[in-house]
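According to TrEMBL, the protein carries these features:
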type	residues	note
BINDING	9-22, 104, 164, 189	ATP binding site
REGION	387-406	region 'Disordered'
């Protein structure tokens, strides 16, 4: 019998000591397993440009013990938890090899997670009434769902407000809906909370590492990374390829798009909600920078991550109808970012097992839907490259998978 193959969904933004802990714990629970990671593209789930390009983050993952790194296109990586998780799991299932799914959680309450999944799968009338009531009160869908679940399972709302738990729920829910028989490995988080900006001893968050690096405290930031990943971060910084987040250019581009757009045109953008287009137009005229714009558009119904993703969609011309198509159809190919020796063995096996075609280069797929996903990926890559001093707008079409090890 073949050894198990464990899948991990990651942003590695950048790969830090907490990720190393998760990888080590996963391998300890599944000795001999190969590890396949699905990695976010140049724009991450919260609607921000990635700190490093996807090829460098793939290189970090390979250097720290991942065997095969596959790409999650921007159409899925820059999205709310349900779409992000669905796209990633579809890629892992499409390999025809992955037997287990390993993910981080904030606590050990996995028993109640199965109950929550059951409620969301069947949506009993009382739950649907509670959900509707909380939506009418002005809560975002995620918060309204958590509050409705709280009425059935005390403590559920607090648990699901923690990002890793919310993603763990999204993984379980999509696997149940699609009938994917993954075996789940929930690894409790160690160290700082997911978005904790303070630099705690031991295992700081990616948010804290990025913040310290961008403030110029590089030595402390590097303390949160394994040595090999730290060396890659320094290398990319020397090349001018570390993205400091949305810069003045970002705001200039976004404001130009808003200035020349009508409400009707904005209404066609992915994740746009009715009436929100008027708010965006008003605040774009009256605010001086991107941060102020966000502060004035964020609300209880529309959290910061939703507004940030919406801005990315506008910049990438990701429209409502294509967004709906990606949610319905999912990924249509598997993009290979890199592999070590064990990973190359997996790729050879995937020639017989994969249910999605493998792409190892930026080639033109045969069908219009796949071409649309590829075109969006190309725009995302060029936008990211425009945000860094060492940007290379032709990096995506020239890229090849990184192959390491014997």
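Every residue gets a Cβ built from N, Cα and C, even glycine.
Note that the structure is predicted; figures quoted are calculated from it, not measured.
Sequence features, as recorded in TrEMBL, placed on the structure.
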| residue | record | Cβ within 10 Å |
| --- | --- | --- |
| 9 | ATP binding site | 23 |
| 12 | ATP binding site | 26 |
| 15 | ATP binding site | 32 |
| 18 | ATP binding site | 21 |
| 21 | ATP binding site | 18 |
| 164 | ATP binding site | 18 |
For residue 21 (ATP binding site): DSSP state (helix, strand, coil): helix
Assigned conformation of residue 15 (ATP binding site) - DSSP reduced to three states: coil
